[in-house]
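Going by Swiss-Prot, these are the annotated features:
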type	residues	note
BINDING	Asp44, Asp46, Asp86	Mg(2+) 2 binding site
BINDING	Asp44, Asp46	Mg(2+) 1 binding site
ACT_SITE	Asp86	active site, proton acceptor
Amino acid sequence: MDTTQVTLIHQILAAADERNLPLWIGGGWAIDARLGRVTRKHDDIDLTFPGERRGELEAMVEMLGGRVTEELDYGFLAEIGDELLDCEPAWWADEAYEIAEAPQGSCPEAAEGVIAGRPVRCNSWEAIIWDYFYYADEVPPVDWPTKHIESYRLACTSLGAEKVEVLRAAFRSRYAA
């Protein structure tokens, strides 16, 4: 288990709790949280945050000794120590926060995962799979590193083949060229 990242995740979430700032774990750590176990080494920590509270997240990162390092078309990157944070906003949509363009329910209010004994909010299985569809548009799956192939397999197995195919069809119809 990568105790450095686990410790940092716990620190980030504790600081966010003090500010009543909801954060969702995304990417590979979301898969691990939903499964309740660490499945691999992670290159970064993906976080989803309320878009209108970005300044609070940035201040919190600075308070934890970090800094924003790069602006991206979907959010920003930050570093705390040697750890990379990949931060993406979610926006309030009637009853819940949602990631833009992701399937509804992308940011569940409840803590639906666990990282080293701590309950955590994490992106939905559907949002995780949706991200892999974007990734497949950028990099053919045959060229994916083994860790991404395995994480995608775990996510698909957890969601179920039928639901994955429904999502894939929705993705294709939305982004058909």
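Glycine residues also receive a Cβ, built from the backbone N, Cα and C atoms like all the rest.
Under 8 Å, Cβ to Cβ, and six or more positions away along its own chain, Asp86 (Mg(2+) 2 binding site) finds Gly26, Gly27, Asp44, Ile45, Asp46, Leu47, Gly75, Leu77.
The number of other CB atoms found within 10 A of the CB of Asp46 (Mg(2+) 2 binding site), across every protein chain shown, is 23.
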